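Enquirer: Residues annotated as S-adenosyl-L-methionine binding site in TrEMBL: B:51, B:87, B:117, B:118.
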């Protein structure tokens, strides 16, 4: 569900960006600004910059290499063209800064310092750090989006999932995703605590939901009934517990974590069978009770 | 003319600010500096910052970061932050230097007091991380020139912040504010500084200042990106912000 909706959104956005014309995702050009008070902010963080920040890093990393080259070629024409895409320009800069900041995270953690160091590396004044609505959270969210995008790329590039049964596919996908976090594992508890912060929970929850949805989708699940929620919740549980287990795992190449993961996946699938059996039992009991109830009611009415 | 207005006002400037805003101007300046997000080694211009309020706050913020236990010293030499307090009026700078000495920052290597015209700064291109102008932009004769200069001296990624008295958009507050401005302020001005005309000029210049949206689009036309403004007290004061990117 998420993936198809997201695909439509990105597809539409990339079309719009490439044509270079009206950008329906962004706000109108400066000429129309007097009629709509688009500049105003309140003291509470505005939700709009957060939303554009989320899809755009994956946008800019995957489909928009043509866009970035086109904006850089028009930059030579002077400030006039730049003003037509003001938001696009600064968001790419932000994405570049965040990408560079990731390299410093291992040293100084998920903090403003990493972002300042990243900005200096890219050649941009560290004052840009003030433009991220929730600073460190922006860095963590960027990383999560980046990993999700890499996972999607791995899936699309035809990882050999066809030869595996669903439970093994899920285990493999979770393993691929968690391995992306392996370099940052010493600072990952900090990232988790940042994600758990009340201000950041909505975004981190949404990112995890998208991740879990992606994994199920790739494992071949097409269901759209109540099962959908149960499956996502169960997988979310497996993913989180494995993630936390990994934090204290010191075995070479996280071997213990993968064993733990396999066990959890097996449990979940056993649970699924158990739930199915429970469902059949409930149906049978219901049917039995139904007929006896019917008989009773008809006898009562006959009287 | 604007230079001379501040000749007579300089000595009692801070006192008048406190009386006119009931001390609230301190909070507004705190908000301005927290938005700026100062960092160690920052190079910053505080334009029209004569008596040093904003500059002192920035220095305090940087010192607070540096003294935090989690702060790691950078790989490169820990640079001194450089804060340039610029004002067209030397009397205001004089008062500012005195206040700095009173706070113990007289010998501080990070503070520089320079007499500058906002419309033509003597700094090089792409040299500053931040530029603030608090309650000063409405006094500049050619606002666009001052904004263009701000754009020129900022590095890519640099931040522009402007704190200014603006248009009140909420009806009831607007009426009260107008009443307050046209009756109380010049009278108090006469009482405290003996100069009613300068404060009359002040109130009128506030009314002449463009509304928030217009000012924001002027800022964007100069070239700043991600321009936004934040209204405080329903519009009595607004902080406009933009980045050079």
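Backbone N, Cα and C atoms are what each Cβ position is placed from, and that goes for glycine too.
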Enquirer: Cβ neighbours within 10 Å, counted over all protein chains: which one of the binding-site residues B:87, B:117 has the most?
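Expert: Output for this query is B:87.
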Enquirer: Looking at Cβ-Cβ distances, which residues of the chain lie under 8 angstroms from residue B:51 (S-adenosyl-L-methionine binding site) while being 6 or more apart from it?
Expert: B:10, B:13, B:14, B:92, B:95, B:96, B:99
Enquirer: If one looks at the chain holding residue B:118 (S-adenosyl-L-methionine binding site), which residues at least 6 apart in sequence have a CB under 8 angstroms from its CB?
Expert: B:47, B:48, B:86, B:88, B:133, B:136, B:137, B:140, B:145, B:146, B:149
Enquirer: Which of B:51, B:87, B:117, B:118 (binding-site residues) reach within a Cβ distance of under 8 Å of chain A?
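Expert: The answer is none, since no candidate qualifies.
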Enquirer: So how far apart do the S-adenosyl-L-methionine binders B:51, B:87, B:117, B:118 get, largest Cα to Cα in Å?
Expert: 16
